[in-house]
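Summarising the annotation, Swiss-Prot assigns active site, proton donor to Y49 and lists similarity to another entry as the type of evidence. Feature annotation from Swiss-Prot assigns NADP(+) binding site to 10-21, D44, 161-162, S210, L212, 214-215, 262-265, R268, 271-272; the stated evidence is similarity to another entry. Under the heading phosphoserine, Swiss-Prot lists S3, S37, S210, citing similarity to another entry as support. The N6-acetyllysine annotation in Swiss-Prot covers K126. The feature N6-succinyllysine is assigned by Swiss-Prot to K126, K144. Residues annotated as site 'Lowers pKa of active site Tyr' in Swiss-Prot, with similarity to another entry given as evidence: K79.
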Amino acid sequence: MASCVLLHTGQKMPLIGLGTWKSNPGQVKAAIKYALSVGYRHIDCAAVYGNEIEIGEALKENVGPGKAVPREELFVTSKLWNTKHHPEDVEAALRKTLADLQLEYLDLYLMHWPYAFERGDNPFPKNDDGTIRYDSTHYKETWKALEALVAKGLVKALGLSNFNSRQIDDILSVASVRPAVLQVECHPYLAQNELIAHCQARGLEVTAYSPLGSSDRAWRHPDEPVLLEEPVVLALAEKHGRSPAQILLRWQVQRKVVCIPKSITPSRILQNIQVFDFTFSPEEMKQLDALNKHWRYIVPMITVDGKSVPRDAGHPLYPFNDPY
């Protein structure tokens, strides 16, 4: 069993979870079943990933009374998509996720991004020129609607994803249910030290997405640095008899940062949770800390006039224009 962090709600959140972004239907069900069989007790989902129905099939077969895993031992996260920020749309969006996942409640529900897209069922509403159609709903209004889900017992904890420090404080200024978790891209090239400190001072735990550098994403640039080929990481892997991925994950869990590596390959799913039986010295941690160069891999891109441009960078609530 992976060790945990304790949320301010009293919930235990396992430090390693299975990520499901880019896990295709047809593959994700077997991946979840295998992950549960080798001790994973944390699954990270999102409505926009388009695979919650199949994840739900895996959960129905393996979780609950008389099944391999009791429901109360499993920590399931999902995320509210940008088209569902309007307060009138929030509960219905959650209920669809619960129905798809075949669950009665979520352990954690995150606002996926701070800004809202145009309301409706097309997840990426676009103008004729390829740019996104936005909605003016502010995340503080969305947060109030999310709080009602906790009161109804549909969600145990709320959190944020891709919010910067200023936006987190903005939520805290209006929250009666305080966010418990911030989920952001985080790895040695983007260590997020300031943001993590900011969260810890305010009672939020941090989850790292793309903790291995997300080399399989669509808008990858051919000459960008490859985290899994970083010499410092390879040297530590050789020294400890571990894989490069295990080195990257151990660094995070030793910092008490939750990780959600995505894999559909059984050998890698198993490897990714085997990071609790070795430890880095302070010097080894410093070697990995020194790799930080504020390199962000995950910036959603769109094609406008034949050019690839950041999808949302012009939006006033875009989170990544701030230092952290």
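Glycine residues also receive a Cβ, built from the backbone N, Cα and C atoms like all the rest.
Straight-line distance linking the Cα atoms of S37 (phosphoserine) and L18 (NADP(+) binding site), rounded to a whole number, equals 12 Å. All protein chains included, S3 (phosphoserine) registers 12 other Cβ atoms within 10 Å of its own Cβ. Of the recorded residues, G10 (NADP(+) binding site) and S3 (phosphoserine) place their C-alpha atoms 15 Å from one another. The Cα of L212 (NADP(+) binding site) lies closest to that of Y49, out of the recorded positions Y49, K126, K144. In the three-state DSSP classification, P14 (NADP(+) binding site) falls within a strand. The number of other Cβ atoms within 10 Å of the Cβ belonging to S37 (phosphoserine), over all protein chains shown, comes to 14. Across the recorded positions listed here (S210, S263, Q271), the residue whose Cβ sits among the most other Cβ atoms within 10 Å is S210.
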